[in-house]
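Trainee: Copying in the features that Swiss-Prot gives for the protein in this structure:
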{"type": "BINDING", "residues": "HIS63, HIS92", "note": "heme b binding site"}
{"type": "DOMAIN", "residues": "2-146", "note": "domain 'Globin'"}
{"type": "MOD_RES", "residues": "VAL1", "note": "N-acetylvaline"}
{"type": "MOD_RES", "residues": "THR12", "note": "phosphothreonine"}
{"type": "MOD_RES", "residues": "SER44", "note": "phosphoserine"}
{"type": "MOD_RES", "residues": "LYS59", "note": "N6-acetyllysine"}
{"type": "MOD_RES", "residues": "LYS82", "note": "N6-acetyllysine"}
{"type": "MOD_RES", "residues": "CYS93", "note": "S-nitrosocysteine"}
{"type": "MOD_RES", "residues": "LYS144", "note": "N6-acetyllysine"}
Amino acid sequence: VHLTGEEKSAVTALWGKVNVDDVGGEALGRLLVVYPWTQRFFESFGDLSSPSAVMGNPKVKAHGKKVLSAFSDGLNHLDNLKGTFAKLSELHCDKLHVDPENFRLLGNVLVVVLAHHFGKDFTPQVQSAYQKVVAGVANALAHKYH
């Protein structure tokens with residue numbers, strides 16, 4: 001991902017304020033509510049029968065934290081996202097058979113959640129930088145797909 005120095009600073013400054021537990025759980029939960037067909041990958045998570053069930057599901061929250069921790073790791077390696085996410089790309093492609101479009105959807109949901117959490121601090125410039133990052137991460141995760 002090519003970010004200007006200003007964009008990198010904006011991404012890093014905001015990310016320093018992110019509560020990975022809360023934001024991760026909310027982002028994954030929203031993905032499952034807004035795009036219900038994505039739930040098929042999480043059937044082992046138990047009750048996903050309603051928006052409140054999804055948003056309150058401890059397995060959704062725990063996996064959301066895991067997802068956002070990996071995203072956080074990616075922020076430390078913006079110059080090598082494909083390398084950083086190679087193993088996860090392989091896992092999601094070969095073993096889990098996740099549609100790579102879901103990575104783009106989750107990235108966009110993450111941007112919505114960040115805007116929700118940070119309000120005025122999530123300026124159009126910050127959003128622009130984050131859109132580049134989530135697109136780069138989605139592309140890296142889709143890299144191993146044939």
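Each residue, glycine too, has its Cβ placed from N, Cα and C.
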Trainee: Do you know offhand how many angstrom separate SER44 (phosphoserine) and LYS59 (N6-acetyllysine) by C-alpha?
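Mentor: So the alpha carbons of SER44 (phosphoserine) and LYS59 (N6-acetyllysine) sit roughly 9 Å from each other.
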Trainee: Of the recorded positions listed here (VAL1, THR12, LYS59, HIS63), which is spatially closest to LYS82 (N6-acetyllysine) when Cα positions are compared?
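Mentor: Out of the listed candidates, the nearest Cα belongs to VAL1.
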Trainee: To the nearest whole angstrom, what is the C-alpha distance linking LYS59 (N6-acetyllysine) and the residue listed as 'phosphothreonine'?
Mentor: 28
Trainee: Sort out the sequence-distant neighbours of the residue listed as 'phosphothreonine' for me: same chain, 6+ apart, CB within less than 8 Å of its CB, listed by position.
Mentor: LEU75
Trainee: State the count of C-beta atoms found within 10 angstroms of the C-beta of LYS59 (N6-acetyllysine), not counting that atom itself.
Mentor: 15
Trainee: To the nearest whole angstrom, what is the C-alpha distance linking HIS63 (heme b binding site) and the residue listed as 'N-acetylvaline'?
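Mentor: A Cα-Cα distance of 25 Å.
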Trainee: For the domain 'Globin' (2-146), provide the mean pLDDT of the predicted model.
Mentor: 87
